[in-house]
Structure formats: structure tokens, C-alpha cells
Amino acid sequence: AAAELSLVQLESLREVCEQ
């Protein structure tokens with residue numbers, strides 16, 4: 001579960017960087 005949460009957080013950060 002922790003690993004999945006980390007992946008989700010990384011995706012969110014990527015979206016923020018793209019904006």
C-alpha cells in the first residue's frame with residue numbers, strides 16, 4: 001500500500017511540474 005501511495009504522490013508532483 002505504501003509503495004502505491006508513493007507512486008500516486010510522484011504522479012501528482014509530475015503533473016504539478018508540467019503545469
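Cβ atoms here come from the backbone N, Cα and C positions, even for glycine.
Pulled from Swiss-Prot:
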BINDING   GLU11  Ca(2+) 1 binding site
BINDING   GLU15, GLU18  Ca(2+) 2 binding site
DOMAIN    1-19  domain 'Gla'
MOD_RES   GLU11  4-carboxyglutamate
MOD_RES   GLU15  4-carboxyglutamate
MOD_RES   GLU18  4-carboxyglutamate
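Within 10 Å of the C-beta of GLU15 (Ca(2+) 2 binding site) there are 9 other C-beta atoms, taking all protein chains into account. Around GLU18 (Ca(2+) 2 binding site), there are no C-beta neighbours below 8 angstroms that are at least 6 residues distant in the chain.
Neighbour count (other Cβ atoms within 10 Å of the Cβ, all protein chains): 10 for the residue listed as 'Ca(2+) 1 binding site'. Under the DSSP three-state reduction, GLU15 (Ca(2+) 2 binding site) is assigned to helix.
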